[in-house]
Amino acid sequence: MRLLGIETSCDETATAVIEHTIGGNSQILSNIVWSQTDHHAPYGGVVPEIAARAHVEILDELILKALRDAHTKLKDIDAIAVTNGPGLIGGLLVGVMSAKALSLATGKPFIGVNHLEGHALTAVLTHNVHFPYLLLLVSGGHTQTILVHGVGNYQRLGTTIDDALGEAFDKTAKLLGLPYPGGPAIEKAALLGNKNRIPLPRPLKGEKRLDFSFSGLKTAVRQAATAISPLTESDVADIAASFQAAVTDTVYDRVYLALQHFTQQYPLSRHQGPRPPALVVAGGVAANQAIRLTLQELADQQGFEFIAPPLSLCTDNAAMIAFAGAQRLARGEKSSLDIAPRSRWPLDEKSAPLIGTGRRGTKA
């Protein structure tokens, strides 16, 4: 089964073609990602209207490129998978309407995919990970620990009660005068800094709840920067290093609790199979090497296999959307042409956080 994937949920326009064999491995035939970073950099963050217009301008061209790179014609595509949420509604509309048009024109089925499920299943695509496993999803819009029991069966253990980790990186970078996107800028600056110079909090550390919180850390960074202003390059490096150290300590503490919860449901003594259970990280922030090293250390200590997909598949991409769509189609599912994009779409809609949900419900 050959699928075309389309991803337009935020500030990357992405298309891909994969070859999927039910019960076997999947092969990525093409994977195209067009970043809008230059469009949004002057504003220090993603501007939804600019993002939607950029998707409109480039998506058709990228669909054709994905087909060309995969040496595939549109008539040879068996199904179309598209991100239907969560994300920026304008961008989602662009992708969903294009997928519907292709479905109508070709008569091929189309499936609306949860963007978070794409991230959740990426390790199955890249490493053939077996269920169940623990997922840490860290991106600009989400910070969650998820127990992945199987396709369509997700248990959200913890989520952020305020800022997502990627958002905290971007806001901290902007505060320090570093360029957008903030994650790589903070990581680069931190390499030259003293992580012990600036005392910063570790939000929720020691608490039994499994949620995350980063707004207090961001506030502490602002206060520290104000106290020593004007900032020199050395000051910026030290604050960046101290911030990153606080983040990795917090991630270690929160994920440690999630691993304990995992082993309560799935005792390691009863685990069967040639490989230990997996701790998987996904999302754009998973590119941070300090976070990866922290998670690798934690996994080794707790008897888990640590899996981080290639960097190109950690950030938003359409190959993961096509793969998630293939999993759903293999279960006999497909979407009707009257479905509407969802700006909020929790992976586990039965597991909403008690704090920080807002009037519109959980952010996902």
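For all residues, glycine too, the Cβ spot is worked out from N, Cα and C.
Counting every protein chain shown, the Cβ of H115 (Fe cation binding site) has 28 other Cβ atoms within 10 Å. The Fe cation binding site annotation in Swiss-Prot covers H115, H119, D316, and the record cites sequence analysis as its basis.
In the three-state DSSP reading, G183 (substrate binding site) counts as helix. Sequence-distant neighbours of G183 (substrate binding site): residues of the same chain at least 6 apart with a C-beta under 8 Å from its C-beta are G166, F169, D170, A173, G284, V285, A287, N288. The feature substrate binding site is assigned by Swiss-Prot to L137, V138, S139, G140, G141, D170, G183, N288.
Swiss-Prot lists 341-364 with the feature region 'Disordered'.
Note on V138 (substrate binding site): other Cβ atoms within 10 Å of its Cβ, all shown chains, come to 30. Following the DSSP three-state reduction, the secondary structure of H115 (Fe cation binding site) is helix. The secondary structure of D170 (substrate binding site), as reduced to three states from DSSP, is helical. It is 12 Å from the Cα atom of G141 (substrate binding site) to that of D316 (Fe cation binding site). Here L137 (substrate binding site) is positioned 12 angstrom away from D316 (Fe cation binding site), judged by their C-alpha atoms.
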